[in-house]
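The domain 'Major facilitator superfamily (MFS) profile' annotation in TrEMBL covers 67-534. Sequence annotations record features per position, and here TrEMBL assigns transmembrane segment to 64-90, 102-121, 133-152, 158-179, 191-216, 222-242, 263-281, 293-312, 333-360, 398-419, 425-450, 506-530 (among others).
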Amino acid sequence: MGNPSTSVESTAGGAVALKPLSHSSNNGDKTHDDLNLDLNLSHQHSSTAASSTNRVAEISNWKFSVIVLSVGGVGFLSSFVSGLLTVGLPRTAEDIGLSEDLVFWPSSVYALASGSCLLLAGSVADVVGNRSINLIGCFLVACFVLGCGLARTGIELIMFRAMQGVAVSCCLPTSVAIVSTTVPNGRKRNIGFSCLGFVQPIGFSAGLVLGGVILQTVGWRFGYYITAGLCFALFLVSLWALPTEEKKNDWASIARLRTDIDWVGAFVSCACLSLFSYILAALTNDVSNIKAPVNIALLIVGAALVPFFIFWEQRQERLGQPALIPNSLWKNAVFTNICLIVMLVWGVLNMMELFCSFFFQQVQSLSALEASLRILPNTIVGAICQLSTGLLIHRASAFHLVVGSLILSSAGPLLMAVIDVRWPYWYDAFFAQALSPISADILFTVGLLVVSDVFPARTQALAGAVFNTVSQFGTSIALTIMAVISSATTKHSRYVPKSSPEALLVGYRAGFWAAFAWMLVACLIGGFGLRRIGRVGLKRD
């Protein structure tokens, strides 16, 4: 589920949480009976994941709740900080002297750092242990959030936000891995994945609302102090609650870092994602930035790394060496189409939150708090969808759920594209907010179940990293394209000045129509590409 955001947070563009995949298996040709995926992979992957999953013991409801609270709490608090930053950035920038050309970077750099490090963090976690990496990430998040509150200059704030993004990248993939390796297949695991999704938008919304109160009373720094304290407390709870992994917290596991990780693939993917995310963030601020020589050079380097990464992964797979994301995985039609749909849908969801916030504030002249309250149905409906999906996914057809939700969510940008500024909120905008998150939130649970099932049990952190990387990069692409379309349409409109509500509305409408087109593409991919997905989230005996 995307993070509900106002203009500043969404401009982060990429935010909207991989490891080496070994190919040896001794489990024969056993396949999954309850997930009808067209894998087109070797039988080893399926058999390893299935047999390993079957050995996961049942856990009590109390232990399950504590584990989900521990791993989901970091996502909640990180999103809370993002909401706090969004609503308080104008005051914060004034207090610490953050220049106008850097005003978006506290948000953008967080998403850039987080999205770029996910694959590497997931790879390391699969070798040394998910618990260790998650605890390190949780502790560092607390430290860097505290640093944001203590920042005295704009550069310090940007640096602490970047380091917070790196720390969060340790938590997102390991959260998925801890749930998938601790909780057996079935209803509990489905609910666990759902909880990992809905805590983030709830945290962001809480940051928006409480941030406004904190800003007007005790000051913006207090929000960071209290969040850092809560994160330290969560770290202590996680020390006690997270299960210890066998044979991973030893020197042998650390020694295996050299041989069991596709370091070349990890660093190439990180560099490529970093370069593309930076370029996309620069274009979001001003499309003319693409003409800068340094941006052209970075774009060329990033583009050149893509075929190199594909070639390298093919080489690793052919030689039987650890591969970050084996090329054979993309032959799995369901896996590939889920990734494509997640990119499109999460991008549209975050674009809707950004543009709707702009619409309410700059076209209808509402305050930031009033705009946040109007976006709130997005969060509430999203949370309900997440929980409902976790409870019911094992009883329903994933194909019908995904395609049906895609059709419903397509109405969100369509309603905003035809909205009349004079209409009351309840005529149009409310239904747009309520419908837009449905597909993304259902896809969060379905996508995690599919991705975690494709990857062997020993590489579940990598699975979580793949899913989060896809969603965040999709957000970056969507926000950039929609921002460019909107800006160009406003620039060529007949209204003067171009900052007037009338001129801005023309651009926002164009963005909403583009988002509607993206959703139609997602519907087509879902309708034709997921026909063989069958049922997911079933309990295995």
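If you go along the chain as it appears here, the first residue is 1 and each next one adds 1.
Note that Cβ sites are derived from N, Cα and C of the backbone, with glycine treated the same way.
Keep in mind the model is a prediction, meaning the values are calculated, not measured.
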Spell out yes or no: are there three or more C-beta pairs under 8 angstroms between the transmembrane segment (158-179) and the transmembrane segment (398-419), with each pair 6 or more apart in sequence?
no
Out of 191-216, 293-312, 506-530, what stretch is closest in contact terms to the transmembrane segment (398-419), meaning most Cβ pairs under 8 angstroms?
506-530
For the transmembrane segment (133-152), out of 102-121, 222-242, 263-281, 293-312, 333-360, most C-beta pairs under 8 A are with 222-242
So what's near the transmembrane segment (64-90) in sequence-distant terms, Cβ-Cβ under 8 Å and 6+ beyond its ends?
3-9, 12, 15, 17, 103, 106-107, 110, 134, 137-138, 141, 145, 148, 161, 164, 168, 171-172, 174-175, 178-179, 182-183, 188, 191-192, 195-196, 199-212, 214-215, 220, 223-224, 227, 230-231, 234, 237-238, 241-243, 368-369, 372
What stretch of 191-216, 222-242, 263-281, 293-312 shows the most Cβ pairs under 8 Å to the transmembrane segment (102-121)?
263-281
